[in-house]
Amino acid sequence: MSRFPVTLTRHILEQQAAHPGAKGDFSLLMAHIGLVGKMITSSLRRAGLINILGLSGETNVQGEAVKKLDVLANETFIKVFQTNGLVCALASEEEEKALVLPEAWTQAKYMLLFDPLDGSSNTDVNMPLGTIFSILRHHDPRQSPQETDLIRRGREQVAAGYLLYGSSTMLVYTTGQGVHGFTLDPQIGEYVLSHESIKMPSRGSIYAVNEGNYHKWPAGMRRYIDQLKVKDKSKGRPYTGRYSGCLVADVHRVLLSGGIYLYPAEVERPEGKLRLLYEASPLAMVVEQAGGLASTGTERILDLEPLTLHQRVPLLIGSREDVLEAEAAVKATA
Ligand code: AHG
Ligand code: MN
Ligand code: MN
Ligand code: MN
């Protein structure tokens, strides 16, 4: 019998069958992330027509001007997960504090961290956007989770992934058993397996970085980027530059084609820009599961011991050889 089409639901249920004790909560949780993705897709597809572009007028805990679509995506997540009994705590890039759900903690064994809308500078220009999610286990069902329970090392994630709202909507996720990509078929309203067991090339020829920050970087990083542009046939150089302003879209390209995405440390901003728990950790889990690496320049992202919910971190992520080379350049001038 043909395996086509393998929907997200079927794929998750098949994976669940391999875990005899599983009660189906995780499958439902993933199905609800898929639902959030459909709801956000539906808003984005009509965004230019229904007055949801532009700024909300608020500033978030990150110090960023919030877009109306940031609010809408954040509210969508909260609306879906606040009452479905699948998670006992939520943390969002857009919320200062974690949302602990007191009625849910006795039965819900998962906690969810998310970047509801990634790449929000792209909202008003019809460019790609994303959503990133990270799932943790709540270990002790006898106790209500605390905010500190969400501040955990990336390697403790149970699952992680993203939605990419590009020319089509894709959901890419890992539970630590490989990385699988699904494309939303708008005609049937289902995510269909389109990229099974994604494996990244060990080296690519694409780099993604905001080069406008060049003069803010330490010398090692500047030299690394300079070298990528020097002709060297044996290393496939010069590399091609591709930067969309949406981390999810840029990392997705690197995941499928190889290469490197960088948001490095700056001399006056050594902590970098991207958020460890909502952006770097989940994408690091995905990329490592596909054979790549993710580093701060000096440490593996998944090993970092976070201290705060909104902690930032420099990020070098992509093909194994590319990340090792970028790390060497960073360490040379560390
Ligand atoms: P967000 O929209 O969730 O705040 O994330 C923005 C991030 C990321 O998507 C992107 O790669 C990066 O910020 C872009 O930053 P610059 O505009 O500084 O290049
Ligand atoms: Mn933001
Ligand atoms: Mn983001
Ligand atoms: Mn965001």
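Each residue's number is its place along the chain shown, starting with 1.
Glycine is no exception: its Cβ is also placed from the backbone N, Cα and C atoms.
Automatic, uncurated: that is what TrEMBL annotation is.
Taken residue by residue with DSSP, Asp115 (Mg(2+) 1 binding site) is part of a strand. Annotation comment: TrEMBL describes Glu93, Asp115, Leu117 as Mg(2+) 1 binding site.
The number of other CB atoms found within 10 A of the CB of Asp118 (Mg(2+) 2 binding site), across every protein chain shown, is 30. Among the features that TrEMBL reports, Mg(2+) 2 binding site is placed at Asp115, Asp118, Glu279.
Taking a C-beta cut-off of under 8 Å and a sequence gap of six or more, Tyr263 (substrate binding site) has these contacts in its own chain: Val209, Asn210, Leu247, Gly272, Lys273, Leu274, Pro314, Leu315. Taken from TrEMBL, the feature substrate binding site covers Asp118, Gly119, Ser120, Ser121, Asn210, Tyr243, Tyr261, Leu262, Tyr263, Lys273.
Confidence over the domain 'Fructose-1-6-bisphosphatase class I N-terminal' (7-196), given as mean pLDDT on the 0 to 100 scale, stands at 93. Annotation source TrEMBL lists domain 'Fructose-1-6-bisphosphatase class I N-terminal' at 7-196.
Annotation comment: TrEMBL describes 200-330 as domain 'Fructose-1-6-bisphosphatase class 1 C-terminal'.
Checked against ligand 4, the binding-site residues Glu93, Asp115, Leu117, Asp118, Tyr261, Glu279 give Glu93, Asp115, Leu117, Asp118 in sequence order as having a Cβ less than 6 Å away from one of its atoms. Other Cβ atoms within 10 Å of the Cβ of Ser120 (substrate binding site) number 24 in total over all chains. Glu279 (Mg(2+) 2 binding site) sits 14 Å from Ser120 (substrate binding site), counting Cα to Cα. With Glu93 (Mg(2+) 1 binding site) as the anchor, the candidate binding-site residues are Asp118, Ser120, Tyr261, and the one with the nearest CA is Asp118. Listed in chain order, the residues near the Mg(2+) 2 site other than Asp115, Asp118, Glu279 are Glu93, Gly119, Gly130, Thr131, Ile132, Tyr162, Leu247, Val248, Leu274, Arg275, Tyr278, each with its Cβ within 8 Å of the site Cβ centroid.
Apart from Glu93, Asp115, Leu117, the residues listed for Mg(2+) 1, the same chain places the Cβ atoms of Asp70, Ala73, Asn74, Ser92, Glu94, Phe114, Pro116, Asp118, Ser120, Thr131, Ile132, Tyr278, Glu279 within 8 Å of the centroid of those Cβ atoms.
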